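Notes to accompany the following structure.
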Amino acid sequence: MSLSALCDYRAVKDLKLLLKKERSDCVSSSSRDDDSTLQNPGTHSSILDENTKSDSCIQEGKSKSIKLCFSDGKSRIDYILVYRKSSSQSEKREVFERNIRAEGLHMEKEASLTNSDVIFLKLHAPWDVLCRYAELMNIRMPFRRKIFYMHRRHKFLSRMEKRINQFRGWLPRKPMKFDSNTLPYLEENESFTAPFSRSRIHHFIIHNKETFFNNATRSRIIHHILQRVKYEEGKNKMGLNRLLSNNSYEAAFPLHEGWYHSKNSIRTHGAENHRHLLYECWAWWGVWYKYQPLDLIRRYFGEKISLYFAWLGWYTGMLFPAAVVGLLVFLYGVFTLEHCPVSKEICQATDIIMCPICDQYCPYLRLSDSCIYAKVTHLFDNGATVFFAVFMAVWATVFLEFWKRRRAVLAYDWDLIDWEEEEDEVRPQFEAKYSKKERMNPISGKPEPYQAFTDKYSRLLVSASGIFFMILVVIAAVFGIVIYRVITVSTFAAFGWALIRNNSQVATTGTAVCINFCVIMLLNVLYEKVALLLTNLEQPRTESEWENSFTFKMFLFQFVNLNSSTFYIAFFLGRFTGRPGAYLRLINRWKLEECHPSGCLIDLCMQMGIIMVLKQTWNNFMELGYPLVQNWWTRRKLRREHGHHTMANLPQWEKDFHLQPANAYGLFDEYLKMILQFGFTTIFVAAFPLAPLLALINNIIEIRLDAYKFVTQWRRPLPSQAKDIGIWYGILEGIGILSVITNAFVIAVTSDFIPRLVYAYKYGPCAGQSQSAEGCMMGYVNASLSIFRVSDFERRSQPRTNGSDMFEEAVRFCRYRDYREPPDSAEPYSYTLQFWHVLAARLAFIIVFEHMVFAIKTLIAYLIPDLPKDLRDRMRREKYLIQEMMYEAELERLQKEKREKKKGRVHHKEWP
């Protein structure tokens with residue numbers, strides 16, 4: 001036997017002796033299980049210090065009269081069903097409840113204290129039912145303590161690690177971590193787990209039968225049972241979801257574990273329940289800078305919700321470097337503002353007269369009047385913009401690749417590596433539609449409804465047509481905004497208020513963005529209804545297929561709705577307007593809007609900044625403000641009808657019933673707004689470097705808003721399992737690819753980065769030289785403006801004033817942004833050679849930028865493995881140790897049985 005194998009064998013032996021001692025200790029004095037983390041070390045006992053079967057109910061019953069058990073004070077409530085006596089579905093409900101009893105669940109009914117028509121049905125799963133279904137559902141439970149081995153390190157590395165630890169000791173404690181001396185230990189119990197088996201129940205660590213299965217697991221088991229109980233005679237007449245949809249039951253939810261507030265401090269008296277602990281350590285605003293207690297969230301809400309908060313926390317943490325770099329790029333623009341030759345030239349161009357930007361009402365302007373806008377543009381469009389665009393493209397790849405590693409670690413810690421989602425049940429709507437035609441399911445071997453190929457793809461074709469039509473509706477809305485901008489800029493130019501008149505283009509952009517935001521929010525309501533209609537029209541077979549189809553449609557609708565105007569401003573505004581004297585017009589009537597003399601980037605910045613701030617503010621208000629107002633109004637109404645005494649003595653199930661129900665689409669809305677924000681943060685980040693900073697500030701608030709909402713304002717959602725974020729990861733990858741393309745076009749087309757480079761190296765004072773200096777950009781503004789003869793204006797574009805009131809004499813020539821020949825050349829107003837050089841440079845930059853960034857992204861994705869090396873080693877080690885432990889435990893059991901048989905035979909011989 002090798003040395004390592006001998007060490008492993010001895011470790012297993014020592015482990016078994018330790019476990020025997022632990023179990024013998026449990027006989028004399030019971031130990032605490034996972035719930036014991038609620039007790040503070042060195043403080044008073046928590047109310048969840050469980051010593052007997054019914055201690056949890058008794059202790060909780062003493063605290064604030066919170067009742068979490070049946071009237072006998074022993075059976076804990078695992079699930080609540082709510083119905084009305086006046087409901088017409090009483091027969092189905094009676095059959096359903098009779099079958100619930102047949103499954104072994106305990107039931108108790110109690111009328112509401114505030115509404116005699118409302119009945120609460122309390123459900124409790126006894127030990128044998130929990131064991132039976134835990135085995136059927138392959139729920140993993142702890143059966144052995146983990147043993148950790150320190151890898152042998154080189155002496156030099158050991159000395160270095162010792163020095164680093166000494167240096168860390170001089171530094172202050174990490175403020176973002178919880179203090180283990182004053183708050184409960186948040187780590188999960190380090191144990192090997194295996195699918196539960198009643199035949200091998202002696203292998204599992206069972207200190208207390210009442211707490212071996214935690215509350216989240218008990219709720220999942222009961223929900224699994226309720227989904228398979230029949231309510232009518234028939235092949236498919238089963239499941240709680242169908243009874244909720246036909247109003248047989250009004251609500252179904254697991255209970256919150258008491259109240260989240262306490263008069264006593266958690267640091268001195270400990271937490272009263274898991275909800276109180278979560279509030280103090282997670283949902284309370286005072287801990288906004290702390291890491292999230294993911295293990296506690298998982299224990300209370302399940303893996304799916306905990307995984308969302310893990311992803312949100314990871315995304316927020318990764319935004320820190322992006323926000324810092326974006327802020328540095330912005331500050332670079334601030335500090336180099338006084339040294340920018342382009343903005344200097346614009347501010348000093350008092351003798352350059354610009355052509356009017358609209359028909360008739362817009363006056364001639366000096367180029368120097370746009371001095372402020374030129375300086376603001378430099379803050380976002382400077383030499384660091386290209387670097388930041390490349391950085392954000394790489395950042396998006398690093399974020400996704402390291403999230404895969406983080407997700408793998410969480411899946412390992414939460415025993416989800418080998419977890420596979422159960423085969424989805426067929427949706428009731430699908431069964432009702434296609435019940436006449438059946439075929440054998442290849443997985444379950446049971447007959448199920450079948451949808452014909454032609455029917456399926458004809459429905460998909462109609463659905464795709466509906467999606468295309470709704471995208472056309474978005475384009476129509478953008479077209480309406482464009483018409484508004486075209487009409488309003490002339491209106492503001494003739495406005496009586498000088499401030500509006502002198503800043504007509506900025507006023508037009510600002511009001512257009514606000515109107516666009518209102519249109520976006522109104523269309524979002526319409527899109528949700530259309531997405532539901534189209535998804536139901538497709539008739540997906542299972543719930544997961546329905547969810548993926550609905551998710552894709554809603555994301556596509558809202559993404560196009562949110563970004564269509566931004567795409568227009570970035571790539572179309574001012575590109576197809578024509579020139580003075582030959583403007584392109586909408587419906588041969590309205591002249592298309594031009595960019596500001598300082599460029600179109602300022603319009604794009606305003607669009608992104610206003611939309612991002614307004615949408616995030618609105619989302620946060622609707623996310624927390626709406627449930628708060630609803631719950632406050634419900635409490636106020638009940639207090640006026642039944643008095644303060646009744647409200648103070650309401651049982652926990654009635655308090656939870658009056659909270660807002662969890663979102664019908666699960667975490668869909670939470671993911672959607674974050675994915676849309678991720679798109680805003682990456683797709684046009686070259687035009688708005690402060691987007692990551694705004695996203696970071698919003699997400700720090702968002703985490704605590706979501707936590708507060710889940711803990712205090714919503715009913716407790718059903719805990720469910722998941723090992724990844726599902727279809728959202730593919731959407732994130734798609735956004736990362738799109739961001740590279742859009743940022744390449746923003747830098748090449750929207751900003752003046754490429755025209756400046758072409759001028760500096762081809763037409764400027766330093767043309768043909770290898771050096772680059774500040775003086776190389778002298779004359780750039782004049783070279784980027786073309787000359788127009790005022791007498792060549794169209795009649796409907798002719799300004800009402802000839803400019804003599806502003807410039808002392810009539811204006812004969814004006815300038816406009818373009819590269820065209822002067823009016824007295826051989827080919828007047830035709831494109832110059834510089835135009836074609838700039839166009840070629842822009843196309844070359846797009847190709848080079850995209851290929852370079854995609855190459856970097858691919859290389860980074862290749863170099864970063866999906867599984868950390870230490871995690872891979874731990875998984876292999878655990879697999880080996882589990883095999884050894886199971887073998888040793890089974891061998892010990894067989895030897896014990898053999899000794900007992902042998903002892904029995906000797907005993908029989910002594911007593912004939």
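A Cβ is built for glycine as well, from the same backbone N, Cα and C atoms used for every other residue.
Positions annotated as coiled coil by TrEMBL: 877-904. Residues or ranges marked as compositional bias 'Polar residues' by TrEMBL: 37-51. Look at TrEMBL and you will find 69-294 tagged as domain 'Anoctamin dimerisation'. If you look up TrEMBL, you'll see 297-878 marked as domain 'Anoctamin transmembrane'. The region 'Disordered' feature in TrEMBL is assigned to 27-51. Summarising the annotation, TrEMBL assigns transmembrane segment to 308-335, 384-403, 460-477, 483-500, 507-527, 555-574, 675-697, 725-749, 839-864.
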Seg_contact(the transmembrane segment (725-749), the transmembrane segment (384-403)) with at least 3 CB pairs under 8 angstroms, min sep 6: yes
Highest-contact recorded stretch vs the transmembrane segment (384-403), from 460-477, 555-574, 675-697, 839-864, CB pairs under 8 Å: 839-864
Overall pLDDT of the domain 'Anoctamin dimerisation' (69-294), taken as the mean: 79
Contact set, same chain, for the transmembrane segment (308-335): CB under 8 Å, 6 or more residues outside the stretch: 291-292, 294, 297, 378-385, 387-388, 391-392, 395, 398-399, 402-403, 406-407, 410, 667, 670-671, 674, 678, 681, 685, 689-693, 695-696, 699-700, 702-703, 706-707, 725
Segment-segment contact (the transmembrane segment (460-477); the transmembrane segment (555-574)) at 3 or more Cβ pairs under 8 Å: yes
Same-chain residues near the transmembrane segment (507-527), Cβ under 8 Å, at least 6 residues beyond its ends: 470, 473-474, 477, 480-481, 484-485, 488-489, 492, 500, 554, 557-558, 561-562, 565, 593, 603, 606-607, 610-611, 614-615, 618
